[in-house]
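As recorded in TrEMBL:
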TRANSMEM  21-38  transmembrane segment
DOMAIN    25-467  domain 'Major facilitator superfamily (MFS) profile'
TRANSMEM  73-94  transmembrane segment
TRANSMEM  106-127  transmembrane segment
TRANSMEM  133-153  transmembrane segment
TRANSMEM  165-184  transmembrane segment
TRANSMEM  196-217  transmembrane segment
TRANSMEM  282-306  transmembrane segment
TRANSMEM  318-340  transmembrane segment
TRANSMEM  347-368  transmembrane segment
TRANSMEM  374-392  transmembrane segment
TRANSMEM  413-437  transmembrane segment
TRANSMEM  443-463  transmembrane segment
Amino acid sequence: MEHQPLLKGAGQPSKLPTWTLLLAVCAAGIGGTFQYGYNVSVINAPTEHIHKFLNDTWQRRYQAELSSSMLTLLWSTIASIFSLGGLFGAHLGGSLAIRLGRKGALLMNNFIAILAAILMGISFPAGLYELLIVGRFLIGMNTGIGLCVQPLYIGEAAPKHLRGAMVMGSSIFLTGGILTGQVIGLRELLGGEAYWHFLLSSSCFPAFIQLLTLPWFPESPRFLFIDQGDEMKCIKAMKRFHGPLNYQAEMEDIQKERFALGGEAAKKPWQLFTDRSIRWQLITILLLTMGQQLSGINAIYFYASYVFEEAGIPRENIPYVTLGTGACECLTALTCGLLIESMGRRVLILGGYSLMTLWCIVLTFSLTYQVYSWAPYLSMACIFAFILSFGLGPGGVTNTLTTELFTQSSRPAAYMIAGSVSWLSFFTIGMLFPFIVKGLKQYCFIVFLLECCLVVIFISFVIPETKNKTFLEIKREFHKLNFGRSKEQEGELCERQHLSNEF
């Protein structure tokens, strides 16, 4: 019998997740978004050692010094190929989730991570930087698939009253990966010159952990019933995820959604752009995904080392202080997970962007008057406050909304589109950000201030609260925007007629 932290009577939803659901979130997260955070983080520590490896390899291979321009090109390729792999993985993730199932796609994805780890690990002893480039592409592809499929799996497995908190597991494991990478990358551990290739290849361990743990958990119940038509397996999975006494209401919601979809096959990404019934849901996800990447969080990390140094922290101790930013992100992800079901998605994301707007103003002011003794400390406080606000708002809620705004047939394609936009935005800001900083210096935060303000206005007028609502109820909320009020009423009437005919 399934054990639960809290067991209610029949038909009463448990306020806490079952242990099966909670452990499934952990099993999916360790090989999913954890890999993204970890591999974004670990590449920073061995930068100098990789430069030396490139120089030595070039010298040994061509008996000539590696020019600075060629070194920059090779290093830029190693760093940016990760984004290209992520973009490819985002395109692949939705298709794999449809063909192999959500759990099957996550399990298959681990073999890509293991291959990437092997290639990066042997690149140094083999003297082949090409293997490092291929390995970084493959691990980027792995993270692109994981970012797409993990929240899809958990969002479909969780009951509606816990969906936000469970999907927040994606952000919790992502920030946990960043912090773990910062710790493992310290020079006392694997950040030294002799161990950097082991640091990069250590991404195989999360993959092995997921391969050992995830097979013990069921497939997504919605995928089993709506996509595969297997009601018995769906009920079995629901009993394990929700408890044997608490699954009936959620099962009714799945049956209603399956009937409303009328056997509609999973959509391709390009079909979403021509479907008027999800027009504003798609616009919402596109803008929120771009807003997340273009919000200024990258600028905050860029200025962090400078601000810490100005505050009097010795350069050699800055990596340890930077751990505070990683810990700060972890703390906010956990806090958001605890608050999202009580405060709602709309309040958190509106509050997050509003506070980020405020910190952009204060940080621009403090960086402008850095000559005063108090200014570096104010700047340092702003950096941590901005990270806290980002984690409570856009960093945590965006993934949850991507899950909730779409029904079963559109959700994988929506994640493919959102993932692609996220990786393209990540790549674009990486290319343009140095020029923005060089041209505007500390005033670059005015650009991010305007972006945050625009997102706040959009959220205020467009996004409804989705807390504790079924996917069909959320879809009806958007009928007012997609078709107008009369069309919404017509859609509700048609649905009631269909349901009455069915029963």
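In case you wondered, yes, glycine gets a Cβ from its N, Cα and C as well.
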Contact set, same chain, for the transmembrane segment (196-217): CB under 8 Å, 6 or more residues outside the stretch = 20, 23-24, 26-28, 30-32, 34-35, 38-39, 42-43, 45-46, 49-50, 53, 103, 106-107, 110-111, 113-114, 116-118, 120-125, 132, 135, 139, 142, 177, 184-185, 190, 240
Would the transmembrane segment (21-38) and the transmembrane segment (165-184) count as touching if the test is at least 3 Cβ pairs under 8 Å, pairs 6 or more apart?
-> yes
Would the transmembrane segment (106-127) count as touching the transmembrane segment (443-463), i.e. at least 3 C-beta pairs under 8 angstroms with sequence separation of 6+?
-> no
In this predicted model, what is the average pLDDT of the domain 'Major facilitator superfamily (MFS) profile' (25-467)?
-> 88
Here the stretch out of 133-153, 165-184, 282-306, 347-368 with the most C-beta pairs under 8 Å to the transmembrane segment (318-340) is 165-184
Intrachain neighbours beyond the transmembrane segment (106-127), with Cβ under 8 angstroms and 6 or more residues off its ends = 28, 31-32, 35, 53, 57, 60-61, 96, 100, 134-139, 141-142, 145-146, 149-150, 153, 196-198, 200-204, 206-208, 210-211, 214-215
Intrachain residues whose Cβ lies under 8 Å of the transmembrane segment (413-437), provided they are six or more past its termini | 80, 83-84, 86-87, 89-91, 93-95, 97, 144, 147-149, 151-152, 266-269, 271-272, 278, 281-282, 285-286, 289-290, 292-294, 298-299, 302, 402, 405-406, 444, 447
Same-chain residues at least 6 beyond the ends of the transmembrane segment (347-368) with CB under 8 Å of its CB atoms are 288, 291, 295-296, 303, 307, 336, 339-340, 375-376, 378-379, 382-383, 385-386, 389-398, 401, 441-443, 445-446, 448-449, 452-453, 455-456, 459-460, 463
